[in-house]
């Protein structure tokens, strides 16, 4: 059975663990770099990207997460996870630099502009994915290496590149585990 870690610094950690388990894998909380040992994949949950980055630096997790990805292990970032995984963040904040695109933080607005939308996701059949956007980012300027999986208002809200999968929305806050199953079956 595949072993997936969830970076447990803040955000919807328990919801991701439930989603991983519902998709048929074992889930583990990751708080320190040694927690990455033996994992097949990693989830970077939503939360506040600046705070998450500061905590990752405090616990010396930035370089170990980069090394995890460079070993070819899969990483799934949602919302703040998308921001942290991007090569660049608008405004010049430090990132992990693992996805060849630029992240626009809070691209759809602040908390009061949060919304839900039915998305067509390229890797699914025709049934829409009910997506929850909370202070959501989006991506711009993807390289040719990046596959766009979904857009809202012509803004990139889901993408993948090699072993990296990102969404601007929160699949863990729905009952639809198709994205987690895709991550487990196609990327891990």
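Placement of Cβ uses the backbone N, Cα and C atoms for every residue, glycine included.
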Site-mate of 47, 48, 49, 134, 135 for L-glutamine in Swiss-Prot, selected among 105, 178 = 105
Measure from the CA atom of residue 170 (active site, charge relay system) to the CA atom of residue 105 (L-glutamine binding site) and give the result in Å, rounded to a whole number.
-> 15
Can you list the residues of the same chain, besides 47, 48, 49, 105, 134, 135, whose Cβ falls within 8 Å of the L-glutamine site's Cβ centroid?
-> 46, 79, 80, 83, 106, 137
Can you figure out which of 47, 49, 135 (the binding-site residues) comes closest in space to residue 172 (active site, charge relay system), comparing Cα atoms?
-> 47
Least surrounded, by Cβ count within 10 Å, of the recorded positions 48, 105, 172 is 48
